[in-house]
Amino acid sequence: MSKNKSSESVKVVVRCRPLSRKEESNGPAGGIVQMDLRLGQVILRNPRAPPSEPQKTFTFDAVYDSSSKQRDLYDESVRPLIDSVLAGFNGTIFAYGQTGTGKTYTMQGLWLDPEKQGVIPNAFDHIFTHISRSQSDKQYLVRASYLEIYLEEIRDLLDPNHGNTRGLELRESPETGVYVQDLTSCVCKSIKEIEEVMNVGNQARAVGATDMNEHSSRSHALFLITVECSQPGPDGRKHIRVGRLNLVDLAGSERQAKTGVQGDRLKEAAKINLSLSALGNVISALADGRSSHVPYRDSKLTRLLQDSLGGNAKTVMVATLGPAPQHYDETLTTLRYANRAKNIQNQPRVNEDPKDALLREFQKEIARLRAQLNHRRFRSKQKKEQVDGEAWERDGDEEEEEVEEEEVEKEAEEFVKLEEQRLEKENEAIREDQFLLAEEKQKLLGENEKMMGDLRKRQEATEQLTARYKAMESKLLVGGKNIIDHTNEQQKMLEMKRQEIAEQTRREREMQQQMLIQDEEAVELRETFTSLQQEVEAKTKKLKKLYAKLQCTKAEIKDVNDEHVRSRQELEQTQNELTRELKFKYLIIENFIPPEEKNKIMNRLMFDPDEDEWKFKPLVPDESKSSQMKKRPASAVGYKRPISQYARVALSMGTRSRYRAENIMLLELDMTPPNTSALTDGEQNQSPTLNNSPTNNKGICKSRSW
């Protein structure tokens, strides 16, 4: 494909799983899905409709029935996409369908059985086999990341503490598009290493049991592979192409009545259905072509798939179906979404010489370390020749780089050994010299020890530099080298023949679909009638065919309306549950949170447009914005923290303030005699009632204890 921006539609394939034992025992015999592999058509029968109602037919790029093999699906539908990723395009493969229809089996399969391995392990083998067979002037860097979207939070499955940390945030860049900030990326050099990364992530993925699937995925998982390739161009410079492959395993849509989930599983199902509904809205908006707004920001799943749906990527959608009659509604919904996705147009282009290519950074670091090593070895070789008294002339015919580096390393080690031996001999000669004073001996020995220490430090620095250089170089994969055990020539030819057969089958299917459409359009032009009776019969036949199409269209309109009503009822039910939960929280806030605290919380709220959600401002602002902390409220001046009125009274009264006036055993005895004091004349005039009191002459007794 040309590097210029060109349009390409999303490739949609459909796969149907066989009936399970439970479905065979519970439901009626036979399935509701028939597949025409030659024409790529899916025929769906409504089990609740009368026999006279016509069946629904959908046409896709390829269809695979219950007897299809994993390898057939990969060779026909996925292999061309992986080749495009290795050429520098972005690619996405995602499985879509109801829960329990085989999405995870299609994407991963059974790792230990080569015949039942899914898309992901076959893609691993394809990538590293291609690298091993490429030319020796190409360098590759392969990185892998693994994440999941659980309860609308992005979690890094390769982070050991992903369960205790906050969810990762999405960012958008003009060069790379939407990406996940601080996502772990592992450099992989073989199939075994990238499989180990996959296994580590699978162990941390959220999985639960429902009535429809014992190992139901409770999150959307995305395995990201980045392949960077460096190759000399016509201008002599090295050009880098970066291909990104997104392998997406979506959680299945489900209904509570069928799955029987409760509690946390119900919350997970609500979030899963919400994100899949957002994905369906994006597909509908893109397929319509008339909508000016595509709701990518309605969920984090659609944000991550923004480039894959209508952007810079080649996309393959695998729609999985269940053939059981009780799942007719879900199967029909999946087929309709897949039929709409065929109309989505992407604009894939080659990612050549991007700014964020990690391979270029690795190459610069390797060149810098190689220059430092060559400089150190050159100096060591010069010193060795000065010690030996030999003239050194550089040989013009250079050998291979690896052999030369090994020889230089050996010469450097020999030079260090010779220097150590020479210094040891000098130390022995100094100790045996009788004409030197003790101070001079110590001084000379100290200088030799210092030279020995410097020599060892230089040797250690050289070894560390060599280790860093080899570690950096080992991360790059060079074409033509033995990364994995190469297959023999017969197996290579067998793979090439298999690819040719798959490509030929795909072309035949496309040609047959086009011929079928052209035959229907051109049948009127070829018809000639010899009599009126023949014309009446032909037009009657055509009228019946058009009437059948009309009935199918009416049935389709009715099904769409019924589906809309069901979706609206489900949304209303979800809205009622959310409203009830919101009222409950409002009730808690009004009864248990003081108004001033509620106002503080409201003042701290801020809206983040990037995440499309409300967040709290930090209590202490960043140093870059303000280096001063917020002032404490006036009611708490002088205290370390706000305290209640009871605590203030307790502080003023001392220890055990609660029982001070109740427990008389804790009161101090009043050992001093009572004091009496006579009222003055002024006080007597102000309070004449006290003059006649019996205590006027006796005075007032004041107790110290009270």
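FYI, residue positions are counted from 1 along the chain as it appears here.
Every residue gets a Cβ built from N, Cα and C, even glycine.
For GLY97, GLN98, THR99, GLY100, THR101, GLY102, LYS103, THR104, the entry in TrEMBL reads ATP binding site. TrEMBL lists 484-581 with the feature coiled coil. As annotated by TrEMBL, compositional bias 'Basic and acidic residues' applies to 383-394. What TrEMBL records for 395-405 is compositional bias 'Acidic residues'. If you look up TrEMBL, you'll see 9-344 marked as domain 'Kinesin motor'. Per TrEMBL, the feature region 'Disordered' maps to 377-405, 675-706.
Restricting the average to the coiled coil (484-581) gives a pLDDT of 76. Around GLY102 (ATP binding site), taking its Cβ as the centre, 23 other Cβ atoms fall within 10 Å, counting all chains. Counting every protein chain shown, the number of other Cβ atoms lying within 10 Å of the Cβ of THR101 (ATP binding site) is 28.
Proximity of LYS103 (ATP binding site) to non-local residues of its own chain (separation of 6 or more, Cβ distance below 8 Å) is seen for ALA95, TYR96, GLY97, SER217, ASP249, LEU250, GLY252, VAL318, THR320, given in sequence order. Fewest Cβ neighbours within 10 Å among the binding-site residues GLY97, GLY100: that distinction goes to GLY100. When other Cβ atoms within 10 Å of the Cβ of GLN98 (ATP binding site) are tallied across all protein chains shown, the result is 24.
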